[in-house]
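**Q** Feature annotation from TrEMBL assigns transmembrane segment to C:6-27, C:39-60, C:72-91, C:98-118, C:124-145, C:157-176, C:182-205. What TrEMBL records for C:10-87, C:101-174 is domain 'Glycine transporter'.
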Amino acid sequence: MTEPLFVIPLWADLIAVGLGGVQGALFASGFTGQRRLDLLGVTIIGIVVGMGGGLIRDLLLNTTLNTLQNNWYLLTAILAALVGMLLAGLFQRLNRLIIGLDAVVIGLFGAFGTSKALAVGLPLVPAVFVGVCAAVGGGILRDVIMGLPVAIMHVGSLYAVAAGAGCLVLAVAHALGAPLVAAAIVGGSVTTIIRLLAVMFDISLPEQRRLYRRKVAVETAAIPIVKP
Amino acid sequence: MTEPLFVIPLWADLIAVGLGGVQGALFASGFTGQRRLDLLGVTIIGIVVGMGGGLIRDLLLNTTLNTLQNNWYLLTAILAALVGMLLAGLFQRLNRLIIGLDAVVIGLFGAFGTSKALAVGLPLVPAVFVGVCAAVGGGILRDVIMGLPVAIMHVGSLYAVAAGAGCLVLAVAHALGAPLVAAAIVGGSVTTIIRLLAVMFDISLPEQRRLYRRKVAVETAAIPIVKP
Amino acid sequence: MTEPLFVIPLWADLIAVGLGGVQGALFASGFTGQRRLDLLGVTIIGIVVGMGGGLIRDLLLNTTLNTLQNNWYLLTAILAALVGMLLAGLFQRLNRLIIGLDAVVIGLFGAFGTSKALAVGLPLVPAVFVGVCAAVGGGILRDVIMGLPVAIMHVGSLYAVAAGAGCLVLAVAHALGAPLVAAAIVGGSVTTIIRLLAVMFDISLPEQRRLYRRKVAVETAAIPIVKP
């Protein structure tokens, strides 16, 4: 059940990039004060969130970077970022919209990433890994570039886990013989739904545990350096 | 007007790497106190600023990393960083020199990046994108590694915009039939000149705007950016 | 003395990945309070530290990413991270163990990185560079993702220098005609030993110097990291 040629349809890819761009701009528009971004900053965030996942996916697969092979990806991401920025004030429930869009975007990127990885012949586990990186990579890049703590690293509602579950469903379904497109649709939906449920019901992953608990205080609230 | 083979002359490339290395070391030498770098740190910053743009360019183009194919790039970047560090105290107007060198470096890297991208067949918009990444990528890596806010993300004088304008001029000139070398010289110069003018006259990009302004305070003010 | 085909034995590579994963988890488990990681965060750190060096190496060499070609690397890194997390409380001298494991890991990754770079035909200096990046890259990624100051950038005991020395010994030995495997064993050992000695005797690199010292205070001390 290996496809001779795997092509994500351009329109689907552009929708994901556009949603990512809007989502990135909405996120960026929430910043005020000294972290306030200029027009360029908002555009960069839009590009990073919209295209970062695809770039990371293709780097990990060591293939030609798909999003740089035509003009539309960048134009879509930039346009989406500007629209997102201009309309940010309109949305009454900014936060819900950002989270909703985000759930759809990670579903799409995760499904595209795992599908492409399987199509180029990666085994199951790395294919799921590539999908998760594609899903959350844009957000990680965004946080690093903005100097924020990387969101997915800290205790919070299931995010990368949602991506991982969806990508795993996709890869297992494919391994069991399901056609890649069907598996991708199911997998992407699983990611989006888990993410939305996790936010709605405030489910989060258990913190790290040890068999023997001991006080080992690297106490990082105080992360030294930084002492003015 | 496609060249069968595009080669940036080694001497030109090494000059760009060397200037980048010096510029990086001057930047790093300004840090005191807890952020003070050791010899290695200064060398790393020199390598990152001098070679980072070229590495990012070649990763985005999925080609062999040009700066790792002979010994000279690394030796140049390291030597330049050490020279920059040792002579930092000599320069009376450190800041102006850093900014001046920087303007030349982003002009060179932007022109090299866009030229190479066009030469390997990328369309106009992604070629400009690759050029901008090559121009500002070293600086972004520098800021991330040093734990500083990424300079180009925040309101300030036109930086990536200068790179973008120069790369766009290059790509459009090439699309209109100009030879790549001539287009590259013009494009690189445009970048350097815009950057210098922006600094001299303190021109900056408008902040982000919304059609309907509303108070959405993710309030990040708690992360003061580089207060001199 | 070029090998027709260079293959790091899978078991050796998996040991390095596993040690990296354990080391990453021990490091992560030291964090409490707001920086406390959830299960996923610990797993991510394990993957990043265990596999980051190999990923960076292969990206720099523009080859297929070796650690994604079978299921074992990821499974090993994840399992190692979970074991490291669960057993963290058992270790009385956590810090020493972390440092000891770390010295072995950078020795292994540095030797693998330089060997592979030489095997694909890179000259001496870039081969050493790739080895150092492979050795310290996982740690840099870890610090960036966790929002910590990048450890190797700041005044401290010889870390990247140990990696550099070992990789240089490897590359020079190979250039003088030593078989690659023997050179790799010697080089990796040099790295580990230098690193351990540096920690034991608290040796550090001189700070940056200038021929003419002047007060140039970019004073960045004022960049408090995320003060809640």
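Cβ coordinates come from backbone N, Cα and C, glycine included.
Caution: TrEMBL annotation is automatic and unverified by curators.
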**Q** Six or more residues beyond either end and a Cβ under 8 Å away: which residues meet both conditions relative to the transmembrane segment (C:124-145)?
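**A** 20, 24, 27, 44-45, 48-57, 60-61, 102, 105-107, 109-118, 151-152, 159-160, 163-164, 166-168, 170-172, 175, 187, 191.
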**Q** Which bits of the chain, at least 6 residues beyond where the transmembrane segment (C:157-176) starts or stops, bring a Cβ under 8 A of a Cβ in it?
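**A** For the transmembrane segment (C:157-176), the list is 1, 103, 106-107, 110-111, 113-115, 118, 124, 127-128, 131-132, 135-136, 151, 182-184, 186-192, 194-195, 198-199, 202-205.
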**Q** Counting only residues 6+ away from its ends, which parts of the chain sit with a Cβ under 8 Å from the transmembrane segment (C:72-91)?
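**A** Those are 10, 13-14, 17-26, 28-30, 39, 42-43, 45-47, 50-51, 54, 97, in sequence order.
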**Q** DSSP on the domain 'Glycine transporter' (C:101-174): how many residues come out helix, how many strand, how many coil?
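**A** Summed over the domain 'Glycine transporter' (C:101-174), the classes give 59 helix, 2 strand, 13 coil.
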